[in-house]
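Taken from Swiss-Prot, the feature NADP(+) binding site applies to 48, 54. The FMN binding site annotation in Swiss-Prot covers 125, 126, 127, 238, 239, 278, 293, 294, 295, 296, 297, 319 and is backed by sequence analysis.
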């Protein structure tokens, strides 16, 4: 089966290509009775939208969402919700020079080997443009989780390339284009990105996502554990090369006496588990960390081959994010929310 749908009860099927007429998704399984209009979804899409600062792609897409079905008089009906986002600023001619070559680090090679052909325009189906419908679906999940369980999902950037970003305040996160929780470091980030653009290169990032106010009990052992599903969908995001939960890889250097979160009558002491034990939520915040690789489309020439196997030099022109991690925070939030609503509904179905 093709891998375009996620979820068991709250299912999201994503469709479209970067330079096609439109992209979108169908959300099947949303409970009826949720007050919902386009503005609820648009607010999240605007956080991810391209062209909002000099540090991201200058492709100018309004990303205006259209609700085609599943909502009547401002309320979800329980039937499939179809969401459409039209592409209005595609420049396919920018990709004519790489239509027959494979960009190092990109999915050009693997899509061709799997399907026997590929759409080279903007990366086609493998483009990060396809995360917009994910954010749209995630907006619905966020709203339902907040209204029915008081769950809050939010994220921030904790590292840009070699620059670590110490956490200071959630209030700083929406006040800068990096989603950095530290206003004092923003000038350094801007200077770094300005030089990176002059170099024609790209860089990676680290994103943290936190879900608060979850009840204990969500998750379906053994194979649909909450943390397993989180890791699964996060690795489905463009450019994600690593996922850790709680202490993550830091647990390697910890002893059991340190890693295991002690329990008192007042609750857990620490959260090395990242809010999940045995694949089931503990009631503590669920904490997820993502490693985002550097963007593959850069102006620096690199060696590759064309579809005939002949050696070529590749240089990617056009408009690209020099750090895709800058816009990854709302995308990662959406993915976490989609996993959580699915598990909330599954828990309710089995355990009441």
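Including glycine, each Cβ sits where the backbone N, Cα and C put it.
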> C-alpha of residue 297 (FMN binding site) to C-alpha of residue 54 (NADP(+) binding site): distance in Å?
Replying inline: 17
>> Tell me the coarse DSSP state (helix, strand, coil) of residue 295 (FMN binding site).
In response: coil
>> Counting Cβ atoms within 10 Å of each candidate's own Cβ, which of the binding-site residues 48, 54, 125, 293 comes out highest?
In response: 48
> Where residue 125 (FMN binding site) and residue 48 (NADP(+) binding site) are concerned, what is their Cα separation in Å, rounded?
Replying inline: 18
> Cα of residue 239 (FMN binding site) to Cα of residue 54 (NADP(+) binding site): how many Å, rounded?
Replying inline: 21
> Of the binding-site residues listed here (127, 293, 295), which is spatially closest to residue 54 (NADP(+) binding site) when Cα positions are compared?
Replying inline: 295
>> By the count of other Cβ atoms within 10 Å, pick out the sparsest of the binding-site residues 127, 297.
In response: 127
